[in-house]
Amino acid sequence: MKKRYLLLALAAVALVLLILGLCLWLPSNSKPHNHVYPRAAVAADALRCSEIGRDTLRDGGSAVDAAIAALLCVGLMNAHSMGIGGGLFLTIYNSTTRKAEIINAREVAPRLASASMFNSSEQSEEGGLSVAVPGEIRGYELAHQRHGRLPWARLFQPSIELASQGFPVGKGLAAALERSQDAIKRHPALCEVFCRNGNVLREGDLVTMPRLAKTYETLAVEGAQAFYNGSLTAQIVKDIQEAGGIVTAEDLNNYRAELIEQPLRISLGDAQLYAPNAPLSGPVLALILNILKGYNFSRASVETPEQKGLTYHRIVEAFRFAYAKRTLLGDPKFVNVTEVVRNMSSEFFADQLRARISDTTTHPDSYYEPEFYTPDDAGTAHLSVVSDDGSAVSATSTINLYFGSKVRSRISGILFNDEMDDFSSPNITNQFGVRPSPANFITPGKQPLSSMCPVIIVGEDGQVRMVVGASGGTQITTSTALAIIHSLWFGYDVKRAVEEPRLHNQLLPNTTTLEKGIDQAVAAALKTRHHYIQDASTFIGVVQAIVRTPSGWAAASDSRKGGEPAGY
């Protein structure tokens with residue numbers, strides 16, 4: 001009998017060991033529980049797009065190839081945020097040369113544009129007049145020419161299939177459709193895609209984009225030239241002008257993406273942060289971090305309610321000082337912002353501002369010395385990529401407000417931006433009585449100020465430490481800053497760094513907005529220090545980040561928009 005029990009026990013042990021062995025060693029298609037990938041990772045704001053980026057890397061593509069393929073997908077699955085009718089910035093790091101560069105494919109004002117062309121914000125937010133010259137495809141082209149490995153057409157194929165066959169409406173698109181349903185229903189060309197039986201689509205409903213699939217096919221075969229000086233150009237111009245716009249064929253013919261080989265760079269301890277300069281918000285992010293690094297934040301800075309409350313008060317005060325200086329920025333090709341940028345990226349200047357932060361109280365907005373105001377921007381999508389060889393791409397793309405100008409071509413399927421709304425107008429003074437910023441007034445060929453700041457952080461060993469960026473209009477810069485602070489200084493893992501409830505203050509309005517779920521000790525500490533507190537109506541920003549860990553690349557796509565990363 002004892003022998004029988006012994007044999008049964010041995011058999012049971014063997015079975016357990018076999019099961020454990022199978023779990024540990026057999027190949028699995030399931031996603032890693034913690035999204036840590038040994039070789040490469042893609043974090044987009046839609047899972048299918050992360051997977052398309054991952055598959056591109058697996059097929060031998062570069063980080064840039066993966067970014068382009070994933071962005072083409074995001075332009076479908078989160079069409080309310082970005083697409084080929086918009087523009088983007090890419091921050092690219094080459095692990096072989098150990099050099100970072102920026103590709104600027106932001107939209108520009110048409111040649112017929114003028115500083116006084118808008119008498120109301122409605123004109124700049126919706127309709128053909130709000131459309132700036134798109135740059136997205138020229139940006140892809142330049143990035144691919146410099147860093148592509150796979151054929152250009154290969155990058156379009158997964159999204160052509162997706163647009164043709166259809167895909168379920170995701171969390172982010174569903175929320176945007178619900179929020180914008182009145183505008184969608186007002187525009188038959190939008191309702192053609194995003195409505196069913198007179199109502200906007202809901203999460204899980206199937207959406208197809210056959211006309212945009214055809215346009216993707218044309219671009220795949222004919223290249224970017226088809227958009228700017230080829231078979232698509234006349235129809236693009238016709239669509240915009242019939243909606244009241246002023247974009248011409250000459251505007252499209254003359255558009256070029258710009259290579260910037262000297263990105264804005266600041267030191268974060270033994271690491272270097274690379275980000276775009278003006279007219280993007282790299283200088284704003286630099287000033288925030290330079291002010292705060294003087295406090296030597298660490299995990300101990302958030303260990304007790306008292307410490308955490310003081311720490312977040314200091315963070316908000318840094319936001320306020322940085323946004324006051326943001327109003328001086330503009331397109332450096334048209335306005336001289338050299339001294340402004342030099343100050344905003346200077347540790348000495350940051351030290352002076354830090355000395356003005358009181359640990360016991362906030363101050364009226366005039367204390368921070370805003371000289372002008374700049375309009376809020378909105379929308380956007382961000383993705384982060386790290387490839388097998390350690391190269392990285394941080395890309396932020398936008399059509400500005402949800403569904404851009406609301407002008408969608410019923411021929412090409414392209415949804416056009418309303419980027420002209422990102423300029424300041426001399427005819428529109430904001431509700432706080434602060435004058436609009438002349439540095440951001442409209443001039444033909446000029447790019448408007450933007451909150452976008454795609455970031456790559458590199459260690460002194462030349463290896464990427466973090467790839468991060470955000471979407472969410474004026475909340476982009478603060479959301480990106482918080483993700484960096486959470487990860488690098490507080491020691492949070494990347495998922496917590498991205499998911500931690502956020503707060504935002506852009507000085508005007510003089511309000512500190514808090515996300516639901518934020519630590520009540522923080523809210524109480526801010527109230528004690530006389531901050532005017534307001535609960536966020538939805539959420540603050542959407543962040544995608546990848547961080548190097550001893551186990552591999554830890555990736556996080558923000559659940560606020562329903563994204564999920566992929567890798568291998």
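Even glycines carry a Cβ here, placed using N, Cα and C.
What Swiss-Prot says about this one:
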- Thr380: active site, nucleophile (ACT_SITE)
- Arg106, Thr398, Ile399, Asn400, Glu419, Asp422, Ser450, Ser451, Gly473: L-glutamate binding site (BINDING)
- Cys49-Cys73: disulfide bond (DISULFID)
- Cys191-Cys195: disulfide bond (DISULFID)
- Asn94: N-linked glycosylation site (CARBOHYD)
- Asn119: N-linked glycosylation site (CARBOHYD)
- Asn229: N-linked glycosylation site (CARBOHYD)
- Asn296: N-linked glycosylation site (CARBOHYD)
- Asn336: N-linked glycosylation site (CARBOHYD)
- Asn343: N-linked glycosylation site (CARBOHYD)
- Asn427: N-linked glycosylation site (CARBOHYD)
- Asn510: N-linked glycosylation site (CARBOHYD)
- 1-4: topological domain 'Cytoplasmic' (TOPO_DOM)
- 27-568: topological domain 'Extracellular' (TOPO_DOM)
- 5-26: transmembrane segment (TRANSMEM)
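What Swiss-Prot annotates, mapped onto the structure for a quick look.
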residue: Asn94; record: N-linked glycosylation site; DSSP (3 states): strand
residue: Cys195; record: disulfide bond; DSSP (3 states): strand
residue: Asn336; record: N-linked glycosylation site; DSSP (3 states): coil
residue: Asn343; record: N-linked glycosylation site; DSSP (3 states): helix
residue: Thr380; record: active site, nucleophile; DSSP (3 states): coil
residue: Ile399; record: L-glutamate binding site; DSSP (3 states): coil
residue: Glu419; record: L-glutamate binding site; DSSP (3 states): helix
residue: Ser450; record: L-glutamate binding site; DSSP (3 states): coil
residue: Gly473; record: L-glutamate binding site; DSSP (3 states): helix
residue: Asn510; record: N-linked glycosylation site; DSSP (3 states): coil
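Overall, the recorded L-glutamate-binding residues Arg106, Thr398, Ile399, Asn400, Glu419, Asp422, Ser450, Ser451, Gly473 cover a maximum inter-Cα distance of 15 Å. Within 10 Å of its Cβ, the residue among the recorded positions Ser450, Asn510 with the fewest other Cβ atoms is Asn510. Considering only the recorded positions Cys49, Asn94, Asn119, Asn229, Asn343, Thr380, the residues lying within 10 A of Ile399 (L-glutamate binding site) on a C-alpha to C-alpha basis are Thr380. When the neighbouring Cβ atoms lying within 10 Å are counted for each of the recorded positions (Asn296, Asn343, Thr380), the highest count belongs to Thr380. Shown are the glycosylation sites Asn94, Asn229, Asn336; of these, the residue with the fewest other Cβ atoms within 10 Å is Asn336. When Cβ neighbours within 10 Å are tallied across all protein chains shown, the highest count among the disulfide-bonded residues Cys49, Cys73, Cys191, Cys195 belongs to Cys49. Under the DSSP three-state reduction, Cys49 (disulfide bond) is assigned to helix.
Spacing of Asn343 (N-linked glycosylation site) relative to Arg106 (L-glutamate binding site) is 24 Å (Cα to Cα, whole number). Taking Cα separation as the measure, Gly473 (L-glutamate binding site) is nearest to Asn119 of the recorded positions Asn119, Cys191, Asn229. In terms of C-alpha distance, the listed recorded positions Asn229, Asn296, Thr380, Asn427 place Thr380 closest to Cys191 (disulfide bond). Of all Cβ atoms in the shown protein chains, 31 besides its own fall within 10 Å of the Cβ of Ile399 (L-glutamate binding site). DSSP assigns Asn296 (N-linked glycosylation site) to coil in the three-state reduction, placing it in neither a helix nor a strand.
Each residue contributes its Cα atom, and for Cys73 (disulfide bond) and Ser450 (L-glutamate binding site) these two points are 23 Å apart.
Nearest in space to Asn427 (N-linked glycosylation site), taking C-alpha to C-alpha distance over the recorded positions Arg106, Thr380, Glu419, Ser450, is Glu419. Here the CA atom of Asn229 (N-linked glycosylation site) lies 26 Å from the CA atom of the residue listed as 'active site, nucleophile'. The secondary structure of Cys73 (disulfide bond), as reduced to three states from DSSP, is helical.
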